[in-house]
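Novice: Relevant sequence annotations retrieved from Swiss-Prot are reproduced here:
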- Ala2: N-acetylalanine (MOD_RES)
- 16-74: region 'Disordered' (REGION)
- 23-33: compositional bias 'Basic and acidic residues' (COMPBIAS)
- Lys24: SUMO2 cross-link (CROSSLNK)
- Ser40: phosphoserine (MOD_RES)
- 43-52: compositional bias 'Basic and acidic residues' (COMPBIAS)
- Ile139, Ala161, His162, Thr163, Ser164, Ala165, Gly166, Lys167, Thr168: ATP binding site (BINDING)
- 148-304: domain 'Helicase ATP-binding' (DOMAIN)
- 252-255: motif 'DEIH box' (MOTIF)
- Lys358: SUMO2 cross-link (CROSSLNK)
- 405-577: domain 'Helicase C-terminal' (DOMAIN)
- Lys684: SUMO2 cross-link (CROSSLNK)
- Lys723: SUMO2 cross-link (CROSSLNK)
Amino acid sequence: MADAFGDELFSVFEGDSTTAAGTKKDKEKDKGKWKGPPGSADKAGKRFDGKLQSESTNNGKNKRDVDFEGTDEPIFGKKPRIEESITEDLSLADLMPRVKVQSVETVEGCTHEVALPAEEDYLPLKPRVGKAAKEYPFILDAFQREAIQCVDNNQSVLVSAHTSAGKTVCAEYAIALALREKQRVIFTSPIKALSNQKYREMYEEFQDVGLMTGDVTINPTASCLVMTTEILRSMLYRGSEVMREVAWVIFDEIHYMRDSERGVVWEETIILLPDNVHYVFLSATIPNARQFAEWICHLHKQPCHVIYTDYRPTPLQHYIFPAGGDGLHLVVDENGDFREDNFNTAMQVLRDAGDLAKGDQKGRKGGTKGPSNVFKIVKMIMERNFQPVIIFSFSKKDCEAYALQMTKLDFNTDEEKKMVEEVFSNAIDCLSDEDKKLPQVEHVLPLLKRGIGIHHGGLLPILKETIEILFSEGLIKALFATETFAMGINMPARTVLFTNARKFDGKDFRWISSGEYIQMSGRAGRRGMDDRGIVILMVDEKMSPTIGKQLLKGSADPLNSAFHLTYNMVLNLLRVEEINPEYMLEKSFYQFQHYRAIPGVVEKVKNSEEQYNKIVIPNEESVVIYYKIRQQLAKLGKEIEEYIHKPKYCLPFLQPGRLVKVKNEGDDFGWGVVVNFSKKSNVKPNSGELDPLYVVEVLLRCSKESLKNSATEAAKPAKPDEKGEMQVVPVLVHLLSAISSVRLYIPKDLRPVDNRQSVLKSIQEVQKRFPDGIPLLDPIDDMGIQDQGLKKVIQKVEAFEHRMYSHPLHNDPNLETVYTLCEKKAQIAIDIKSAKRELKKARTVLQMDELKCRKRVLRRLGFATSSDVIEMKGRVACEISSADELLLTEMMFNGLFNDLSAEQATALLSCFVFQENSSEMPKLTEQLAGPLRQMQECAKRIAKVSAEAKLEIDEETYLSSFKPHLMDVVYTWATGATFAHICKMTDVFEGSIIRCMRRLEELLRQMCQAAKAIGNTELENKFAEGITKIKRDIVFAASLYL
C-alpha cells in the first residue's frame, strides 16, 4: 500500500531509471528564460507553483512517455494488504517476552513487584516457618524484610536502594540460608578491591568463605565464594564442577552492567548461568528496575521480585557554594524540596563575583592567590563540626593539589596522631626498606597524621587500603578523593563536598549527570550517627535553574545494556556444544530492551492505517498519477539545482549586484543581492584533505531582533509584516535556491543603513516589473553548462511537464483541495512504511550483522571453519580474555615471541594492558622498538582483514589502542631495577604502574595457558619466567584486607 508513492513507474526513458536526488525543484522553459524553482513566483503567476498552466493542450502521448494510466492500480485501494500486514505484525507477539508484572504491596516507602512467566499464576510468598537463617541485632527496614522473605521462599530478587540503606543485609541472609542448607553460594563484585573487602566482611561473619580474583585464590573449595564477574564467566565457559553445586548467585552493584567496557561480562554471565540457580541482585537506585527483573524472568523462566526504595536512613541537605561568595545556600532541604529562590540568590552572587572568581582558580604551576575556596569551605566544615568530609574532585592532580593546600590545618589530637602512625607502620611493614622510602609513601604520612587523606587510582594500592582503614576508623577527617571512591566501598561521611560541577569524560567537559551526583552525594550521612547528611556543591560558572534542578533533583541513570560482541565471547560460544553466539545475542538485555519497543510501534502502524483509510479522495487513481508527476518534477528540479550549484558553473555568475534567492532549512530570506564571494578551505575531519568552501556575502532583509544579539551568521529573515533591516550575511553556496539573470547597481559603501535600505527598494522594483517571477539564469543557454547528464534531466523535465499539462486534473478548479488531501495521504503512507521498517528491524536480532562480519574475520584468519567449527587458533584465543585475543594469537602463531627474551616479551605485552594516557612517549631501544614494529604490522593486517569483512574499524584508532608508553619501564623492572628507579622514568602515577603490572601478570598467566594449548613448552616457560621476573616487592604486595 505505502509503496503506492514510489516512483518506479517513472522511468521515462527506456532503460534509464530516474535518479533519486530529492524533492521540490522544477523548472519550465518559458519564452527562452529559465523561470526557476516552484514557488518563486506569485500565486497568480503562470509558473510552476504546485501547478503549471500551459497553452499546450496536446493530448497525444509522447513516444517516450510511459503509458501508465492503465497499469497503475488504485494506490490507496489495496485494503486486503493492510489487514494482512497488521495481523502479520501482530504475530510479533510470539517474539515478545512472555512476562507479566504483578504488584505485591507497598509498605513504608518501598515498592514490591514481581515479574513472572505469563502462563504462571502469582502465588503469594509464604511466611517463614521455623528459625531464620540469620538473626540481626537491629530492627530491619521494610525493604529488607520484603527481600528476606523472597529469599526464604527460594525466589530471585533485585534490591534497588541507596548506597547507605543497608542492601548487604539481603545478601548476607542469602549466604546464611545457603550455608544452612549445605548449598554453595557465589558472591560477585565488579572490582578486585571490592572483592577483597567483601571477602574480609564475609570471612569474619561466616568463616567458610573463599576468594578468587585472578590475582589471589584463597580456599577455593569453600561453600561461599567471593569472586570477580570475569572469573565467574570463565568458570561458566569452562563448565566448572563448582557450578553444579551452586544454589544462589549474588551480584553486587549490578548497575555496573551499564559500564561500556566491562558491563558486557555481567550480561554474558547472567545468560550463561543455569535456570535452577536463584539470584540476589543488589543495585543503586535505578528507574527501570522492573525492566531488569522482567528480563531475568524471561531468561531463566522463574519469578524475579523487585524491591525498590528511595528511602534514606539519614536525609540529605544540599547546599551550593558560589565561587567568590563566602556562604552556603540551601537549595534542596531534607524533605527533598528544591528552593528556587535560594538557588537564584546563589547564582546572583556568582554573577556579582564574576571576574573575581575566575582569578581564584588554583594555578597548576604556581600556588593560588590567597586561601582557595576549597580551603575556606573545609575550614568552615571543621569549625562547625561537620567532619568527616569527603571532597570529590574529577582528576588525580586536583585531589593532590587541594590536599596540599590544607597542610596548614591540623584535625587530629596527639592521641590520634599516634594511632595513625601505628596503623601506618604496621601496614607498610611488609615492604622492603627501599620501598618504604618511596616519595609517595614518605609524603603521605605527614598529611595522614593531620587527619587529611587522599584516595585515587594513582596511589600505591597499599596506601589506598591504609587510607580506607584509617578513614573507616575515624582517623581521617578530610578525604580528598576521585569518584572511584563512590564505587561500592561502604565508607560514608557526614559531609560530601564537590569541588566542581563539571567533569571531563574523555571527550569533553560536561555537567555531571544526576546519576553521578546521586551516587557520590549518597556517601553523606552515616546511619545511626548523623541526623542528616550535608552535600555542598561548589559552582564557579552560572548554571540555569533547570540545569541545577536536573542535577540536584534528577533521577538516577537507568540501567541500559552495554552489550557488545567480543571475539573471546564468539569463540567460546563456538567451542561450547549446547549454545551458540546467535543465542547470546537473542537473549541479551540489549535485545530485550529493544523488544520492549515493539507494542508501541504496532500501535503506531494500526493508528496510521486507520487514518489512512479514513481519507477518501474522489477519482483517486487519476489524482495519484497527477501527484506522482508533480513529485517527479520536484525531484528533477532538485537535480538541476545540484548542477547549477557546482562552483565551476555558478561562481562566474556571482558578481556583485547579482540577484539571488537564499533559503536555509526553515528560513527563507527571499531575494537578496550578492556583494562579494570568498573561498575558505575546510579540513575534512577524517582524511585531513582540504575541501574548499565557497562563501557568498549577500545583502538580505533580516529581522532586527536577530541582528541584535550576535554575529550575522545567526541572522533570521524578517517576518512578512516587519520592515526588517538589510544586512550583509555570509552564505554558503549551496544555500542559494535560485540565481537570477538580473543584476542591480549597488552603492559602493554599504556601511550606512540608508544605502543598504535603498537596495531593498530596487529589489521590490524588479519584483513589480516581473509579476510572473524574476527571470532566472538558464543552465544551458545562459550558464553554458554542457554536461550530458543535465541535458538528460532537462529532457525528462520536458516530458513530465508535457504530461502534467495534458492531465485532465491540471485545469480542474478543485485541484488544490484534492491535491492537499493526496499529499496528506501520501505522508501517512510514508509514515506507515517507516513504522513497518521499524517493526522489521525490531524483529531482527540486533548486532547479527556484526556477528556475521566477526565470523568472517575468524574464518579468514583461520580461527574457525566455514561451518563454525573452531580451529586450533580459536582454541588458543579462548584462553586469552584480558587483552586483544586475535592479535596475540596471530603473534604467537607467526612466531613473533620465539626470538624474544622473557623480558622483551613481557615488555611487549605491556602495550596490551596499559590503558591510561601518558604525555611522553619513551625513546625505545631497538630491542623493544623492533618487536613493537612487528606487532604493529600484525595489527595492521588484522585491521585490513576486518575492514574487508565489512567491520567498521579505523586502523589508526585500532593501532593507537596498544600503548607502548610503559614498555621501557616494564623491561627495566623485569631486569631487576628498583621501583623507585622505574618511577623516575615516567610521568605515570605509581598506582597506575602497579595496576598495569598486575594486569600484565594476569595476561602472562593466560599466555602460559595459550602456549600450553598448542603444546609449545618453550614458549610456556618463557611467559612463566616473565611472571617470576615482575612478581616481586611492592608491585605485588598483598592486600591488607586478606
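Cβ atoms are placed via backbone N, Cα and C, with glycine included.
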Novice: Closest to Lys723 (SUMO2 cross-link): which of the binding-site residues His162, Ser164, Gly166, going by Cα position?
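Specialist: Nearest in space to Lys723 (SUMO2 cross-link), counting only the binding-site residues, is His162.
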Novice: When you look at Ile139, Ala161, His162, Thr163, Ser164, Ala165, Gly166, Lys167, Thr168, which the record names as binding ATP, what is the longest CA to CA distance in angstrom?
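Specialist: Looking at Ile139, Ala161, His162, Thr163, Ser164, Ala165, Gly166, Lys167, Thr168 as a set, their Cα atoms extend up to 19 Å apart.
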Novice: On the 0 to 100 scale, where does the mean pLDDT of the motif 'DEIH box' (252-255) fall?
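Specialist: Taking every residue of the motif 'DEIH box' (252-255) together, the mean pLDDT is 88.
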Novice: Please give me the CB contact count at 10 A for Lys723 (SUMO2 cross-link), counting all chains in the structure.
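Specialist: Excluding its own Cβ, the number within 10 Å is 11.
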Novice: When a 10 Å sphere is centred on the Cβ of Gly166 (ATP binding site), how many other Cβ atoms does it contain?
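Specialist: Its Cβ shell of radius 10 Å holds 20 other Cβ atoms.
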Novice: Just give the helix, strand and coil counts over the motif 'DEIH box' (252-255), going by DSSP.
Specialist: 2 helix, 0 strand, 2 coil
Novice: Would you pick out, from the binding-site residues Ile139, His162, Ser164, Thr168, the residue whose Cβ has the largest number of other Cβ atoms within 10 Å?
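Specialist: Of Ile139, His162, Ser164, Thr168, the one with the most crowded Cβ is His162.
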Novice: How would DSSP class Ser164 (ATP binding site) in three states?
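Specialist: SS state of Ser164 (ATP binding site) = helix.
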Novice: According to DSSP, which of helix, strand or coil covers Ile139 (ATP binding site)?
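Specialist: DSSP call for Ile139 (ATP binding site): coil, neither helix nor strand.
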